[in-house]
Every structure is written in C-alpha cells, then in structure tokens.
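Pulled from TrEMBL:
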type	residues	note
DOMAIN	600-713	domain 'Fe2OG dioxygenase'
TRANSMEM	56-76	transmembrane segment
TRANSMEM	82-102	transmembrane segment
TRANSMEM	123-147	transmembrane segment
TRANSMEM	153-174	transmembrane segment
TRANSMEM	186-206	transmembrane segment
TRANSMEM	236-257	transmembrane segment
TRANSMEM	269-291	transmembrane segment
TRANSMEM	311-330	transmembrane segment
TRANSMEM	351-371	transmembrane segment
TRANSMEM	377-397	transmembrane segment
TRANSMEM	418-439	transmembrane segment
C-alpha cells in the first residue's frame, strides 16, 4: 500500500508527499493542495463538521426516491424489493466510500471530474463533467416537478402549474446562491426533518386504517400483496433502476469533502447518512406496501387518503425545496470552482466572484426549469437521471478509479485478485444498466411525445379550460392528437368486424350476462324513448371477462388489450382535468374508477349496426344518456348516424321533440361525452346529454361500426360532489 501510494502523483504533489487513506489531512502543508485555502483575508469555505456533513449527504439522497419505492415493491414483490433496496443501498454506500477514499488519497480534487482526468485524460474529464452537470440539473428539474405537485395537492387545482414551477425555480436559485455548504446545511436540516416527518405520518396513517384509502369503501376487496412479483424484463430493469437511483447520491458527495474542516471525517458522515437512508427506505416502503398492497399510490404520500395527503405534502414542501437547492448548489459550485480555481476571485467578495456565482445558480435554475417544462413527468426525469447519469457516475466510474490505484492487485493474493475481478464485474453491470436503461427511457419519451402525453402536460391548463367549457354547455366534445394513431383505430375496427362477421352460433360462445353486462348481445336493448329494440349487436368486454379466442378471431386479445390500455390513459387524462376543475385532487377519478382494480365496472363495447333499407324514423339506437362516468366513442369515415341534443335542458320526454345535431363520423377523432354518473358527481355542473343513432332519411344505410369505452366508478364506490350532496 505504501509503495503504491508513492507511485500516485496528486496534482502538484511530489511522490514522497502522497497520502494514504489514514493520514491526517490537517497536517502542516497539506492545506496548500486543497481547493479552498485557509486564509485570514479570504472567505473560508471549509467550515463543515462531519455531523453537519452527514445531514447534507442524507438530504441529497432522502428526497423523491422514497416516494416511489412502495409502488416498485408492488411490481417486483416484497422480498425481491427488500433485497434490492438492501443491495443497492450497500453498493451505493461502498461507491461513496470508494470516491471519498480516492479523493483523500489525491487531495486537491473537488469533484469526480478531476478523478476522471487523472485516470483517463481530457476526454474522460469532459464526459464526466457533462454527466455531473446534466445529472444534477435533472435532479433540480425533478425537484421542481415535486414542488409543483405538492403545491397542487394543497391547492386542489393545477391551474397554475407553470407559475408554481417558475416560483419554485426562483426560490431554489435564491437558496442555492448561499455560497457556503455549511449554511446551506441548515436548510438541509429543515428539509430532511420535514420530509422524514411527512413520510412517517403517511406510514403511521396507513396502519391505522381498516382498508387502503383507494380500496372500495365497503364490502370485500383483494389487497394484492405479493411476496414475489412477476414483472417482465422491462418492468424489472425499470424497477431495479428506480431503487438504485433512490440512494445514488455518491457523485454529489465528493464536493462536500472540499468544504469539510477535516476531510478525513468523511467516512463518519457517509456511514451515518447511509445507515439512516437505507433503514428508512426499507422500513417505510415495506410498511406502506404491506398495508396498501395493489392500492398503493404513486407518489406514496397519497396512500393514506386525501386529508393525510394534503397534510403530508404541506409538511414535505420544505424537504422538496431543500433537495432542489442542494443539487443546484453542487452543480453551480463545480462550474464555479472550475472557472475560478487558483484565481483571487475564488474566495473573495469581488464583483467577478459574485457575478459568476449568481449567474451560474440562476442560469442553471433556468435550464432546469426549461427541462421541467419540456419533460414535466417525474418518472421520465428519474429514469433519465438513473440511466444516463448516475449509473455511470455511481456504478461504473468508482470501481474504475479504484482499479487505477490498485491495478497491481490483479497479480496479488487470491483475495486481492478476487477484489480486482469484482470491481470489473460491477463496472460491467453499470454499463449494462446504462445502455438498457437509456434506450428504454429514450423510447418511452419518444412514445410519450408521439402519444401526446407530454404535450398534454404542457398544455394541461388550456385543455382543462376547453374541456370544462364543452362539458358545461354541450356535454359532448371531440379529442384530436390524443395519442392513438389512425392505423391503431383501424386495426381495432378490423378486429371488431372480424368478430361480428362470425356465425351467430360462434358469437354465442360468449353470451351476454345480465349480472355482469358482459358478452355478446343482439337487438337486446329496448329503448323507452322509442318503444322498440335498438337495431344493433354488441360485444361488452372487461379486463377479466370472457373474450373471443384467437382461434375464432386472430390477435383479438393482444390488439384489444393494447387498445383498452390507451383508452384508459386518455380517459384518465380527461378526468384528471375535470377533477382539478371541480376541486378534487388530480388523481381523484383515477382512484375512484381505476380499471385495474378487481371491482372495476369500466367496459369496452364493440358495436355493429347492420345495414337497413328503412327511411326516416328508423332508429338504430333510441335517444338516451349514458349512465357511466365518461364515454370515449370511436367512429369510421362516412358511417354517419350519431346525433346529439345539448345538455339536459330538453323540453320533451327523452328530448324526442327537441333539435338534434348530426355529428359526422370520422376515423381518428374521439367523441367524448359526459355520463349521468359524472353529472351527479359534479353536482350537475357537467352535463350528460341525450344522443341517438338513426338511419338515413332516404335510401339504404350501410353497416355502421363504432367502439365505445365506458369509464365508470368501481363497484360500491361512494359518489359525492364538491358540495357534499
């Protein structure tokens, strides 16, 4: 060890003066090689003791990650999830120790970037520097998402999401502009305590309920707790990455050492911080998942119901702000030191000093805000942070730095050779997660843009206003650029037609059940508005109902399942807009109507109106309203017949004597209408209107195909509007 240490040349230090892990870095002469010097006429940055440092390190990690872990446990199962939390927690602790030890063997290093330069030269330095800045700025963006989400939870509406994000950005830049980490550390104390208490309140609250907040309020329910889950490959990799990134703060730890009074105390700080982080992650996530099962909310602060959610977010806001501040400070401090190192301005109060420092904090905050606006969905930001930045910084690079100093171990004792091999294996694992995770994340973001998901988040306020206006007046609206491609709609119509083209005895394999309202029916609906049966056949489907076999209709299940998933996402987005407009939380209707729950009543209906030669007065579907919450209707070009009567202000029975407006059929746009359930839920603010389907007034009417997705509340769910009627 001693011989090897002498062969390592720290920047500006003769070989004979190279230090081991165990030397006192406060020894006379060593200060000359530190980034921040001790001087009577300079600002003293090195004022952080190890207890204070441990809180800074603790808050760097104890942030958004803890809010996502219970959901990850539902995907992978309690046992694998617990093992992954322990394994990644242990490795992230070890990688932090590796980085600290390398830094203390080579004093004068401020960040991983200088380590990379020593190991791989200029290209490695610039790559690491870019990843370091990008990773920390993405953390700031994720923090802005967390803060705006918290404020929306408190305000019960998302009308000012962009404004909240902007104010959070300004506040974070102001906090990050405090020059000394020691003083930023006081914010970290408040931030950690607030987030810890908020999480603890949720943990206690879920254990005091007789059933999860999102579960049906009455009757039996399935908890959905799984000791071992069965995720597919993509879900497994994503979950593994989410658990890793929750405690992957090692790259941000190194700059803290430069501002410690005694850098040798770093190990005390890291062990104290990591012990607290990992034990809290394990305990909190297991308890919340054990009590909530499949009903766990994401973020987890919503798992104990709306009231506790608001209390928790109110308490957690300082913690969410603190996380944003510390990552912004660390990113700005790296560039600041790189620009002013070895100049008189680094530790002075000059105009140059302050201009550069404030320019960096507010400039990086602005970039983070732009990213927040471009990718305003938290899970995408977390995935980017984990796969693109922190997998290399915290998994690949630390063992590479270790190998740089201990490469001679490959020819040493058996244990030394084993250690050498294991560090290479860990670096390769990191490379795999980097490549696989980055590819998956990029594909997800591309798909999100293609499906309109990200555009929806950016224009949520505008879209909410348009939806509410249409719902309060006509009760009908048309969605475009919704994320389902025309070819996907045509494929589902082809599947539908293939089923209805089957002989009746084949379609009867799935008979309609009055108990569940699932299955195939033919001219079965007697309309009070017309006194005759509707001229149509239909197939009602739920996720867990009986479906046509692929033998009868090839690719029926795969095509229809994918179509249902996209319909669920679109209806969730629309209902989230109505929820905020009505004063509910954004996820209120998602919880109440969640189609993945065992007691869901949401259905997909494939409909076929046979051709008719009748003229005026031939009803294919009599005037009616939908009894559900929200309906998505898909039509095909030139298969007209749908007519609507605005609102409930009709003057005759079933609006039969009122004016109906034809709605031309087009492939692509989705016709959306409010159902009776949502009208009652909104205290009659949103209108469920009458509509009908009729044949042409003259001549023959060809076959008409349509597809309806009925979003409905879960069975026995209590419906109560904003006025508590």
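Numbers run from 1 along the shown chain.
In case you wondered, yes, glycine gets a Cβ from its N, Cα and C as well.
Automated prediction, rather than curation, is the source of TrEMBL annotations.
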- prompt: Is the transmembrane segment (123-147) close to the transmembrane segment (311-330), in the sense of at least 3 CB pairs under 8 angstroms with a sequence gap of 6 or more?
  reply: yes
- prompt: Under a Cβ pair cut-off of under 8 Å, which of the recorded stretches 123-147, 236-257, 269-291 contacts the transmembrane segment (351-371) most often?
  reply: 123-147
Message: Pairs 6 or more apart in sequence, C-beta under 8 angstroms, 3 or more of them: is that satisfied by the transmembrane segment (56-76) and the transmembrane segment (418-439)?
response: no
- prompt: Is the transmembrane segment (269-291) packed against any residues at least 6 beyond its ends, judged by a Cβ distance under 8 Å, and which are they?
  reply: 50-51, 53-55, 57-58, 61-62, 65-66, 69-70, 72-74, 78, 81-82, 85-86, 89-90, 92-93, 96-97, 100, 196, 199-200, 202-203, 206-207, 209, 212, 225, 246-247, 253, 256, 260, 300, 303
PLDDT averaged over every residue in the domain 'Fe2OG dioxygenase' (600-713): 85
Message: Going by DSSP assignments with H, G and I as helix and E and B as strand, what are the residue counts for the domain 'Fe2OG dioxygenase' (600-713)?
response: 9 helix, 45 strand, 60 coil
Task: Quickly jot the same-chain residues contacting the transmembrane segment (82-102) by Cβ under 8 Å, restricted to those at least six beyond its ends, or write none.
output: 21, 57, 69, 73, 76, 109, 112, 115, 239-240, 243-244, 246-251, 253-254, 257, 266-267, 270-271, 274, 277-278, 281-282, 285-286, 394-395, 398-399, 401-402, 405, 426
Query: Of the listed stretches (186-206, 236-257, 418-439), which one yields the highest count of Cβ-Cβ distances below 8 Å with the transmembrane segment (123-147)?
result: 236-257
Statement: Same-chain residues at least 6 beyond the ends of the transmembrane segment (236-257) with CB under 8 Å of its CB atoms are 48, 53, 56-57, 60-61, 65-66, 68-69, 72, 75-76, 81, 84-85, 88-89, 92-93, 95-96, 99-100, 103-104, 109-112, 115, 132, 135-136, 181, 263, 266, 269-270, 274, 277-278, 281, 326-327, 330, 333-334, 382-383, 385-387, 390-391, 393-395, 398, 433, 436-437, 440
- request: Please indicate, using numbers and ranges, the residues of the same chain that are 6 or more beyond the transmembrane segment (418-439) and have a C-beta under 8 Å from a C-beta there.
  value: 91, 237-238, 240-241, 244, 383, 386-388, 391-392, 394-396, 399-400, 402-403, 406-407, 409-410, 412
